[in-house]
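Everything on this sheet refers to the single structure shown next.
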Amino acid sequence: MAFMEKPPAGKVLLDDTVPLTAAIEASQSLQSHTEYIIRVQRGISVENSWQIVRRYSDFDLLNNSLQIAGLSLPLPPKKLIGNMDREFIAERQKGLQNYLNVITTNHILSNCELVKKFLDPNNYSANYTEIALQHVSMFFRSEPKWEVVEPLKDIGWRIRKKYFLMKIKNQPKERLVLSWADLGPDKYLSDKDFQCLIKLLPSCLHPYISRVTFATANESSALLIRMFNEKGTLKDLIYKAKPKDPFLKKYCNPKKVQGLELQQIKTYGRQVLEVLKFLHDKGFPYGHLHASNVMLDGDTCRLLDLENSLLGLPSFYRSYFSQFRKINTLESVDVHCFGHLLYEMTYGRPPDSVPVDSFPPAPSMAVVAVLESTLSCEACKNGMPTVSRLLQMPLFSDVLLTTSEKPQFKIPTKLKEALRIAKEYIEKRLIEEQKQIHQHRRLTRAQSHHGSEEERKKRKILARKKSKRSAVENSEEHSAKYSNSNNSAGSGASSPLTSPSSPTPPSTTVEHAPF
């Protein structure tokens, strides 16, 4: 197949979900403008950092591009006169730092390509739309029955995954969607096993899994075709969004925040849990549950993107669950992500932060009980319940499912073993990352405590006491020597007369505890 003759992807196997932070270290004024020197860091390691130089015009350009999100971002206003004054530059630097803080802490903005390219141009310089088009065009050479209708630009959140609206030439009214995705950092399958499993996906039949029409892969990427649903995803329903619109426009700033009806929450939640249990029982790792990966077909939810774990792509919620060491298996990841999904269905928006200390009023206390078991401080600290346990909870136990379709997904024994080993490696990387984050958090807390004003005062007091003690000890030592000398002189001993010892000056060195 021509698709197997891949073009060079020029990719770096980065985890795109690792947060970037940015701090303006200095500014320098040139003839007609000011440049800001910014230190960008990936994750918690200071060693994984670099400098970039940006002008105000670069910030302005980024801000204009982000307007599609519909957010009011705090970019300092332009100033034509007096913009080289030292005080103005210092004030603007503070404003730009605040702007950077806002965009790097917003979960959706921080993961978008515009922000990544602004902060990390070296790793995000590739044009993934062009790379995807190269792969797709080569695919069409061997599969001429398909035809591209239009690219679905930026409808997803992933930088290295692109979508195209398709049709079959002899069925021009039927619409399908093609997705192309690059490999991710968690791709541990051998090339042969990876390609076999991708090609196995069309054989997966389940009432709550979106059917794959066609799937193929090479050693660097995968291409899949599914039916296009005009109603879109569960997230589109919650946010009342148009499926073809860009991700930033659809979900960053919804005009109306409103959760679903209780019966919808119960039915959709039960359907999603049923398919998660099916995959867990099959030993097929998922780990990619969120509202945009649940297609709606009438009153039926269908799970999307089973290929993501085979490709080794990181989860949408990875930056959340990587903070909690008890969420360390793909099964527990799915349960935690289900908590996010249930929260969004209930309240019409994602939680402000995780863990959630207290939940707003919900349509039923049964909803809150499930949310507490997946998103609360106690749950994140002690671990997630199983999918089977969630199915037994009052919110879902009385939901009647009317489907008669029998699930089918036969995975050969050899490939099951390959999946098991790949799953172990995925979990091992997660556990190692969680360990590093935990150690960094402890170190940061210790340093913060050590550098607090109260601790500084304590160390100063201790240092003064130590200095006084040293001075007193030296003074006493001198007095004792002087007394002994006088006693010797008055005893009439035959030793030669000596002058009294010179007094030892008190120590002037104060031993400060380190700050």
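Placed from the backbone N, Cα and C atoms, the Cβ positions cover glycine too.
Features of the protein shown, as given by TrEMBL:
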type	residues	note
DOMAIN	14-126	domain 'PX'
DOMAIN	88-481	domain 'Protein kinase'
REGION	437-515	region 'Disordered'
COMPBIAS	437-448	compositional bias 'Basic residues'
COMPBIAS	457-469	compositional bias 'Basic residues'
COMPBIAS	483-501	compositional bias 'Low complexity'
Counts by DSSP class (helix H/G/I, strand E/B, coil) across the domain 'PX' (14-126): 45 helix, 26 strand, 42 coil
Within the compositional bias 'Basic residues' (437-448), residues counted as helix, strand or coil by DSSP: 12 helix, 0 strand, 0 coil
Mean per-residue pLDDT computed across the domain 'Protein kinase' (88-481): 92
